[in-house]
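> Dropping a structure here in structure tokens format, bear with me for questions.
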Amino acid sequence: MNDVIIRQLAHLIPYQPLWEAMQTFTARRQSQTTDEIWFLEHEPVFTQGLAGKPEHVLNSGNIPLIRTDRGGQVTYHGPGQLMMYLLLDLNRLGLSTRTFVRTIENTVAESLQEWGIPAQGKETAPGVYVDDKKICSIGLRVRKGFSYHGLALNVAMDLTPFSCINPCGFKGLMMTQIQDYVNPIEMDAVKRTIIPLFLKNFGYNQPAIMVETSLEFLIDDHLRSFSEKLGERETVTNSRQN
């Protein structure tokens, strides 16, 4: 069994600095670094993966479009969507990239089935689906056996922005969310369902769970640039003086 830290960020996070924080964490981690999973919701943003093609962005409008270094094509992130960023040591977990993706899909599907939603993965396309509608997108990057990026699970959100793109590069792909099957639904309830399944399926001990109501945990050297980019430079300075 391996240790893991779960961080739950309690406010909407802009994409760019969060992405840079993941890159920095991954570049500086070592074999003894504890794995981390970050739970959060993003401010509205389209992200274009490494395989992304411009023709799949139909009309981004006023929503920012950021080209990122995860796998896959274009998708949307926004409030009401649960992001799980998986900063894991795949070598330590004994997982190939393919098995890693399948374990994510199976875990998400298992959690949705607990809500009575008949979700499952597809052999032909990463992610989790209910019938032919996509409810969870997966986009990852693995460097030297360390993963970052993760999954986006649609919980209770405005799905309209997905109509401005071909989600994940598939023209006409319909998106769905937990709220379409279980209403009302609370984000915290979804987390309470999915966390134990991730721990079980990935072989983790009971985690240290950090509820981050501020960005003070980002004072650590490997995340200081993230803190500053989010306008927390003054908070960091004050924390060091106290």
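Easy rule for this one: first residue shown is 1, then count along the chain.
Glycine is no exception: its Cβ is also placed from the backbone N, Cα and C atoms.
Pasting the feature list from Swiss-Prot:
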type: ACT_SITE; residues: C168; note: active site, acyl-thioester intermediate
type: BINDING; residues: R70, G71, G72, Q73, V74, T75, Y76, H77, S137, I138, G139, G150, L151, A152; note: substrate binding site
type: DOMAIN; residues: 31-206; note: domain 'BPL/LPL catalytic'
type: SITE; residues: K134; note: site 'Lowers pKa of active site Cys'
> Using a 10 Å cut-off on Cβ-Cβ distances across all protein chains shown, tell me which of the recorded positions (V74, L151, C168) has the largest neighbour count.
V74
> Can you tell me how far the Cα of G139 (substrate binding site) sits from the Cα of C168 (active site, acyl-thioester intermediate), in Å?
10
> If you count Cβ atoms within 10 Å of the Cβ of Y76 (substrate binding site), leaving out that atom itself, what do you get?
27
> How many Å lie between the Cα of C168 (active site, acyl-thioester intermediate) and the Cα of V74 (substrate binding site)?
5
> Restricting to the chain of K134 (site 'Lowers pKa of active site Cys') and a gap of 6 or more, list residues whose Cβ falls under 8 Å of its Cβ, or answer none.
G127, V128, P167, C168, L173, M174, M175, T176
> Reduce the DSSP letter at L151 (substrate binding site) to three states and note it down.
strand
> Which whole number is the mean pLDDT over the domain 'BPL/LPL catalytic' (31-206)?
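Value for the domain 'BPL/LPL catalytic' (31-206), mean pLDDT as a whole number: 97.
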> Whole number in angstrom, please: the longest C-alpha to C-alpha distance across R70, G71, G72, Q73, V74, T75, Y76, H77, S137, I138, G139, G150, L151, A152 for substrate.
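Across R70, G71, G72, Q73, V74, T75, Y76, H77, S137, I138, G139, G150, L151, A152, the two farthest Cα atoms sit 15 Å apart.
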> Just counting, how many other CB atoms are there within 10 A of the CB of S137 (substrate binding site)?
25
> What does DSSP call K134 (site 'Lowers pKa of active site Cys') in the simple three-state scheme?
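The three-state answer is strand.
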